[in-house]
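Q: Here it is, the structure, as structure tokens.
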Amino acid sequence: MWGLVRLLLAWLGGWGCMGRLAAPVPAWAGSRGHSGPTLLRTRRSWVWNQFFVIEEYSGPEPVLIGKLHSDVDRGEGRTKYLLTGEGAGTVFVIDEATGNIHVTKSLDREEKAQYVLLAQAVDRASNRPLEPPSEFIIKVQDINDNPPVFPLGPYHATVPEMSNVGTSVIQVTAHDADDPSYGNSAKLVYTVLDGLPFFSVDPQTGVVRTAIPNMDRETQEEFLVVIQAKDMGGHMGGLSGSTTVTVTLSDVNDNPPKFPQSLYQFSVVETAGPGTLVGRLKAQDPDLGDNALVAYSILNGEGSEVFSISTDSQGQDGLLTVRKPLDFETRRSYTFRVEATNTLIDPAYLRRGPFKDVASVRVTVQDAPEPPAFTQATYHLAVPENKAPGTLVGQISASDLDSPASPIRYSILPHSDPERCFSIEPEDGTIRTAVRLDREARVWHNLTILATELDSSAQSSRVQVAIQTLDENDNAPQLAEPYDIFVCDSAAPGQLIKVIRALDRDEVGNSSQVSLQGPVGPDANFTVRDNRDGSASLLLPSRPAPPRQAPYLIPIELWDWGQPALSSTATVTVSVCRCRPDGSMASCWPEAQLSPTGLSTGALLAIVTCMGTLLALVVLFVALRRQKQEALMVLEEEDVRENIITYDDEGGGEEDTEAFDITALQNPDGAAPPAAGPPVRRDVLPRTRAPRQPRPPGPADVVQLLALRLREADEDPSVPPYDSVQVYGYEGRGSSCGSLSSLGSGSEAGGVPGPAEPLDDWGPLFRTLAELYGAKEPPAP
């Protein structure tokens, strides 16, 4: 049996061993002479110590921190020690022969506080485990190598001004990465480095508090406090860190408003209307926001009735405005007091009040030219209708309030009385009618009267005058509408045919009740019964007569009850018709069959159809004629004969390409008569002609014809020759024939009767000319 002892030894130079631990372990052993294995209880010779490695320790060589040893190791070199686990082979190495464990670099507890490893002894030759692996821990022992830090710094805090001593402002917290369970490396103490005597800090909790009372924001609004955290309980040698706390004092309403001056003086012209700004007052309040809001008011007195004051929402100014019209002649100055008060008052600071202030205000009224003032804002007048022109309607009056007063002149603005129904006296404002008024045409007349100062036409004012036309009984009653009624021939006696209504254009209440009466007597075909409400019922007294061509005309008399009473007569038309069983009209003989001209409906339709057909034919014919005329006119407009130039001539001069005026060709009858004076020659481009067939009778006739055409061309060059041969005095440069002057007219100087050489030699272009001048017969075809 092999007994194993595991020893963890501490290095004498400062590495600590925490104790020895012995534990029995079972071991298997074989005995000669026994048939099976025998279980023996042997002593497990392990001594277990926990390792501690000081962090940040470093040396020139790896540091021995412990040793592994087994009692099976006889020192013969047959045992090999193995180390596995966290950091084995890199941070920790083991000597396989001796079991010494070394650390190869300095360790940081804040990165890793402990390492768990496995140790095992094996046979060097066969690598057979001599014992099971055993786990042990190497702890990194902390040292004070980390200063406190404030992870949330720098801090910003707010505390109300005028806070009591000890008011909590903010809590700061520092963090120390060292081991809080080992020594005082992580025990922190807070102190104030800068910010005394205004603030203090709790050494243990880091709560910052106010240290003095009545800190005023208006004196100092912001404070910078420096807080330090020191480990090792604040003792010497400890590490420290600091942060800043910016403390801002928030505003409270601890200051009343104050007027910078006790008396304000303003001036305003008397013509300033209500709402006109007189001046601004400013009560100063050093507080902020809602705590600085100020409300202004006028204390009881003479000023509160004439002036008003409000607060400007932007600048917190007091806006003094006019409330009622001012009059320099009545009062020239006002003196009153204005109070400024905080709108929000904190009861906690009433001891610093009162939160209001008072100032005096004096307003001087300045004189200004004023327009005339009417005695009333509007005037309402009345005049009866049908009165003669010049009837008095009423009078208006205006006065000049200035001193001295100026005379007033009155006039009616034309746009308010376009029909010139009224007139006004310019000096006293008396209004009279200019025409007879009719209430039924227009009830109200709205005039605009202009009052102007005689000394200053710029000073004027206007007033509205409403004139009502009063009613008189001047309209006779009449029927509300024309009545054209039909009644069935089968109607029963006493049947109501129609309710006839009357209309009186006079005003209701002016005896406008209307009575109606129809024909009376035994011969009356219809009965009219007055309903005494402005209407009458038309009744059938007996069975109606058979239908007839002419309708019944019933006279109706209408009268009112005015003074004097007015009456009129109207006619109601009643036709007797045949009706269907449902009561609707079927026909009224003969009006239903004939038109007013005596023609039937079918005849009228036939006549209208024929007239429409004839009218359509006429329109179609005119349209076709217009279309044909337009087509001819288009061809005439597009006549381009004057632009056609023949280029197959023998000449080459520019004068040969000039076209003649086409106007005379288009209108030969309108050609101008031959002009007086010397003959003017006009050369035009010759055109190629085909040989004439048959041949002219003789050369003498042709010569006579050419002479006639030549004379016409010489006397009237504006008329182009249609059928004549043009004679050129010069063929143009570059021609193989030279000049053709020998063919010039007889009127030219030096002209000869014929060409000097045979024309047949000149080619086919001159064949016609050769035939005209030649004596021989043309060649046979």
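Using the three backbone atoms N, Cα and C, a Cβ is placed for every residue, glycine included.
Checked Swiss-Prot, it gives:
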- 733-746: compositional bias 'Low complexity' (COMPBIAS)
- 151-259: domain 'Cadherin 2' (DOMAIN)
- 260-374: domain 'Cadherin 3' (DOMAIN)
- 375-479: domain 'Cadherin 4' (DOMAIN)
- 479-592: domain 'Cadherin 5' (DOMAIN)
- ASN446: N-linked glycosylation site (CARBOHYD)
- ASN510: N-linked glycosylation site (CARBOHYD)
- ASN525: N-linked glycosylation site (CARBOHYD)
- 1-22: signal peptide (SIGNAL)
- 604-624: transmembrane segment (TRANSMEM)
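Can you tell me where each of these features sits in this structure?
A: Assigned with DSSP, the residues of the domain 'Cadherin 2' (151-259) fall into helix, strand and coil as follows: 3 helix, 45 strand, 61 coil.
Counted with DSSP, the domain 'Cadherin 5' (479-592) comes out as 0 helix, 52 strand, 62 coil.
Counting every protein chain shown, the number of other Cβ atoms lying within 10 Å of the Cβ of ASN446 (N-linked glycosylation site) is 11.
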Q: Summarise the model confidence on the domain 'Cadherin 4' (375-479) as a single mean pLDDT, whole number.
A: 90
Q: Rounded to the nearest Å, what's the C-alpha distance separating ASN525 (N-linked glycosylation site) and ASN446 (N-linked glycosylation site)? Just drop the number here, would you?
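A: Pair distance, Cα basis, whole Å: 53 Å.
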Q: With DSSP, how much of the domain 'Cadherin 3' (260-374) is helix, how much strand and how much coil, in residues?
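A: The counts are 14 helix, 51 strand, 50 coil.
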Q: What does DSSP say about ASN446 (N-linked glycosylation site): helix, strand or coil?
A: strand
